[in-house]
Structure formats: C-alpha cells, structure tokens
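These features come from Swiss-Prot:
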type	residues	note
BINDING	Ala46, Glu47, Thr48, Gly49, Ser50, Gly51, Lys52, Thr53	ATP binding site
COMPBIAS	278-295	compositional bias 'Low complexity'
DOMAIN	33-453	domain 'Helicase ATP-binding'
DOMAIN	63-252	domain 'B30.2/SPRY'
DOMAIN	512-715	domain 'Helicase C-terminal'
REGION	78-101	region 'Disordered'
REGION	275-320	region 'Disordered'
Amino acid sequence: MSAFEDLGVLPEIIKAIEELDWLLPTPIQTEAIPLILGGGDVLAAAETGSGKTGAFALPILQITYETLNKKAEIPIIAPTNTSGEDGTSGGGGGGGGGDTIELDQIDRDKNMAVDGLICQSRSSDWCGIKATKGISSGKFYYESIVRDEGLCRIGFALKKSSRNIGTDKFSWGYGGTGKKSHESKFIDYGKPFGNNDVIGCYINFDEEIIGFTKNGQDFGEAFTFNSKAGIFYPALVLKNAEMEFNFGSKPMKHDLKGYKPINQAELLIDQQTSTQIDNSKNNNNNNNKKGSGNNKKNKGKDDDKMNDEDNNNKQPRKTLSLIIEPTRELADQAYSAILNFSKYLDSPKIQVSLCIGGEKSNGGRNKIEGDIIIGTPGRLESLVKEGSIDLSSIKFFVLDEADQLIDDNLAIVNFIYNKLPIGQNLQVLFFSATLHSTKVIKFCEQITKNPTWVDLKGRDFIPDLITHAYVKADPIKFESLWRNSENPLRIRTDGVHASDVQQFGKLKEPEQKSEAIKLLKAQLLLKCIQSFKMDQAIIFARTRLDCDHIHQFLKDAGGGNTSGLEGEFSSTVLHGGDNISRARKDNLEKFRNGDVRFLICTDVAARGIDIRGLPYMINYTLPESFEDYIHRVGRVGRSDRIGLAISLVAYEQEKVWYHTCRDKGKGCHNTKLTENGGCCIWYDEPQLFTAIQENIGPIELDSDFQLPKDMKQLNFGGSTKLTGASADYKPHTEELRSRVLQLSQLEETIQIDYLTLPKRIIKLK
C-alpha cells in the first residue's frame, strides 16, 4: 500500500508519481494534501525544494478529475438557460413561475466579484451592483446578510442611477454606519449594522415608501418616492466587504407582515437593458462552446468517447483551477508536473493550459481552454481583460510563491480574484517558502475564509545542509587583484562612474571605492570558482546589465570556447528583459543538462527552479531582503545534497543603477542620485549583510578562499548518505537508544493496561 494512498490520493495518480520515484510524501505533502482534499483554504509555508508543487497539484488534479466524472459537488457544465437564484431552475420560494431575479453580472463595478447571490469587493473604492430584475407595483421585501466586516449600503435604485446608491436622485440606500442616504444626503436612521446582521429592505408602491429592518426590527419609513418613476431594482454598494442576498428562494430569516419575498412579484426589466443582457448570454454560450478544445480535434476513439456527452448536449467543460506563478519558468515547471501526474487519468483526459508571456497558449484561437490553467500574472491579466478565460466555475485559486506575487503583482492578483466566483465552492491556496510578512498576512485575511496554516519551517527557515560563507570585497585588502597593472583581465562595469572616476589614486573618494569594488568582485568570483573547483553553480546578480557583464567576463576568462565540464568558466544567462521565453528556456536546459557550468541570473530564477544536486550558489550581489536571501540559497541543499552558498559582500556602499526614468534604463546615462532627479542610488551591502550575520552567522573564507580545515571534508553536491557527515549522528543515535527503549516499554505497558481495564473494572464491581 502506497503512503500516498493513506492521504486519499487516487491510484491512477499514485501510479504516475511512483514512476517519478515519489515513494513517500514529503512533510508538506503529508499535511497539505488531506486538508485540500477535505475542502477549505490552506496557507502553506515550507522550505524551498520540499515538494510544494506536488502538495497543491496532486489534490487539485484529483478533485478536477472527480468533478469531471461527476463525483464532486460543484457544477462544471456551462448553463444553456437562465438559472434560479441558487443555480436551480424555476421560480423558487413558491412564486414567480419561471421568473427569477439574480445579481447582474453586467451592471456591476469591475472590482465586484459575484458568486450566485453572494457579492464581494476587496477594493478600497466603493463598488456597486444591481439585480437583474426589478418591480414597479405591490409590497415586497428582500434580505441581505453581512458576511464580514466592511462598509456597505443597501437599498433600491432605478436602472439609470449610479452604482454608488444613495448619492443621486435615482437611488435610495441604508448604510452600515446607521444612516440613510438619497442625493448624497446622509441622515441618521435605524442602527448601525455589521458582520452577521440580517438587513431587510422593503418597498410599498401603494403608500410610496421604502424602509429597512435589522435582524427583524423594523425602523419604519426611510424614504418616500414617486411610484411612477420606473422599475426599482435591489441594489448594493460595498467597500472591502461581502454580502449575501435572499430574494425568496429560501425562507426569510425574518418575515415582514404584509410583504412578500420579491421573487414572487411580477419581475420586470427596463427595455433598454434587455438587449444587452440577451447578448451577454449569447456571448457566454458562444465562448463556452469551445470548452477544452476537443470539439475541434480528432484524437481517435478515446477522445471521441470522452467527449460524447459534451458534443451531444453541446455543454462544454469549464475551467476549474487557476494557478498563478510569478515567473515563466515556475509556470512551465508546474505545467510539466501536472502533465506528468495526470498521465494515467483517462475518460476524460485532463486538459491543462499554460499561459505565459512570449508563448502561445494551448487552446482555441480566442478562448483559452483547459480544466486547469497555469500562468503568469501579466499574461493572465491580459487574457481575463480580453474575455479569453472563463472564470465562472473556478474551484481552486492557487498562488504559488505567494509572497513574491503579492509583493510584485498585488493589483493584478486582486483584479483576477475579483473576477472569481466567491463563496463556499472556491478554495484559495497560498504556497511559498515564506508567508510571514505583514503584507501577505493582510491579503490572506482579505481573500480567505478560516484558512488552515501549515507552517513546517517557521519564519526564515534554511535547510541544515547548506553551508554559508562570505568574502569581503575590500579593494584595499585585495588591491593586487583589480589594479590594472597587476591583472589585465577586467570586467566591464555598469558605467555608473564613467564620468566621475578617471583615476583611483588612494581610494579616498566614495566613487573611487565603489568602482574598485565593481572591478574586484569579478576577480573574487574567479578565485572562489577555482578554489572550490566548482563544476556547477548559480550566480545571482542584481541587474540584467550585471548578468550580461559577468557572462562576458567569464567568456574572456576562458569560458567562451568550450562548454560543459571542459570549459572551466562556461556560462549562460537567465533574466528578464529582451531574453525571450524560448531563449530563457534553452539557457536553463543547457545548465540543467551540464552543457554549461554556470547559470548567471537575477532574482527571476530565485523562486522554485528545481535543479537537483546543485552544489554551489554565489551571491555576486546581495539581495535587498533577508527573505530573498532565503529563496536564493534554497537552490542548493536539496534532496539530501550538501550545498555551499558564498556571498561577495562589498566592504563599502556601492553606487548602482536604480532607473526611475520612463524607458527603464534604455539609453539612460543620468548618474545623479534619485533624490536629485537621477537614476542611481547607493546600495548598502554592509547593512544588508547585517541581517544575514545575525540570523545565520556565515563563515568568512580564508586568504586562500577556503573554508576552515575542519570543514574541508564536506563533499558539496554529494549526498549526506554517502559522506562521512552521517557519522556525526552516531553519538546522538547511541544517546537516544536507551530513551527509545524506555519509551517502547512505556507504550507497551500503557496498551496492556488499557486492554485489561474492563477486567479490572468487573473485579471491582
């Protein structure tokens, strides 16, 4: 019996992962998979390389497959007719015949998310929505339930009103602050309301009054109105809040004497809006016909069988899972992993789409198809805005490397989230190596409901198998390495000091020291490579320009003519900018396959890229935060392999580019500081290094660029199982031996006592 079977994973998926040599689940998989399969939001933090992708991909894949086989509860078939309030047909609530009233998917603000009769907005601006139908006669009533804290205003509005109800003469509202509003006149009325309160809204066309209730308490007349003004629609405006409507499809929390649920009324639509709504329905159906794209493709009998039901009924599959990755490489990795995991899932075959910049998405020409969609933030945002992705049936919303996504693309993530169907069916999953920042926690609180935290590492955890070392880039101490007369091999620097450093002299000026540090770091890089005889390493630099210059420097040092193990300094570059997707992928594969020894990159590669057994990592430039340091060094020390992380730390501050110009550095030569209108800053590596020293205590390499003698036996890149390092555990094992025996005896005694307890009780009686 597989250990994954204990977690509830399908046999077909287990068969696929066993072929990948996944025999035992990692700790993060053991914790997260059952939680996700069981439903609910999950926030998981675990060390880099711990199997986080499998932790969310396996359960997502399983539930998607079960849903397609109609073994799950959520709907996946595109509707072909108007549904009721809860997704069921008919009038509901004992009236209205085939008439139904819903929240209008069209007449809403862009940041208002809708799931059936639940609406939510996490924007700091007011976001409004109206119902699809209204009334013009009778006495009717509806309720709304406040589902979390926030600001909201509820009431009635004409179709021509602003969505910010209560601010014009065509709408009437009652807000959570205990005020009624009409034409932007806010007057005390009733009582304030908040989370879990039930607000009733009633309208009486006979007496021409509008009023409100709170938890059954009637506050009486709030407004008078002209009953001939038109059709009155239920309406709502929110700010960072969530509410649920009940138009009468289920029993009201508090009945109001003399009033009927609004869905029992003669429901009406303004004539000018009916065409728009009908077109919307037609557009949705046309888009959904493409489904997973199988209607257009002939892949043999298996595919024909898989799509028989969909083709016959013309009811295409809808996307169930959306996974956002911060980089192309991570998206591609997750895509490949899910394809591997789903190898034996047939009837139907899971359709997976990859949406990244610079690549054509798998699927139709205008419609992105797939049961699972994986993509990068910018690309997904564009596709959602174009209407190329149907998010109406999303079951899983996954943020992988969530902290980076939130730091760099919060607005995009929020935009996409607000397009999802919120409610009980949506599971939000956060995965990363670090989830402890205030910004991440705040966003989690906004978009998750009672999430389960899985934290297997604590704040800023780093695997024990990584040795941390550093070299101080002191241009005075290592003067012989960078002075022109001593070493003609020089790196081309970034040009920051092209006009203010003509001679170095005795390095009295900060600019002179800064330029000297730039020249020195390249020489220190060579020394470290040669000292440890590095055959494979990732080198992190701060900017694309730095990466390109390091790459050229290594070529000049002898890495340009040969490749792989034959080239001592053979290298390739991985960063953003003009390095297009195909080239980036090729460069990464060259490094993985051993065609080059060194991968030079910016932080674009710091998240999630999996290169097994990588022995070395070099920080040519320190990252801007300790958390980014964690992600960088996480490239080594994986799969029980011993790793070494070396940082080249500037002895003084270094002046570097920090482009605020429109073209982001293209053709820019403005070396003034940013506070003076320029595009440069002083980068304080000594200060950045303080956090690393306090938390880790790295070892300084000696004058020969070596570790202390007692650490020289470490086999970097080698397995802990194959080195003498395992011998260090023998004394500890012997020490624990007696305690384990005692624990075993105690366990045996307790079990015997438990089993004999009934006999002893009988004797006492």
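Numbers here mean position along the shown chain, with the first residue as 1.
In case you wondered, yes, glycine gets a Cβ from its N, Cα and C as well.
What you see is a predicted model, and the numbers here were worked out from it, not measured in a lab.
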Packing count at Thr53 (ATP binding site) (other Cβ atoms within 10 Å of its Cβ):
23
Just checking, which of Gly49, Gly51 (binding-site residues) has the fewest C-beta atoms within 10 Å of its C-beta?
Gly51
Could you tell me the mean pLDDT the prediction assigns to the domain 'Helicase ATP-binding' (33-453)?
79
Helix, strand or coil by DSSP: which one applies to Gly51 (ATP binding site)?
coil
Tally every other Cβ atom lying within 10 Å of the Cβ atom of Ser50 (ATP binding site).
22
Take the Cβ of Ala46 (ATP binding site) and count every other Cβ within 10 Å, whichever protein chain it belongs to.
25
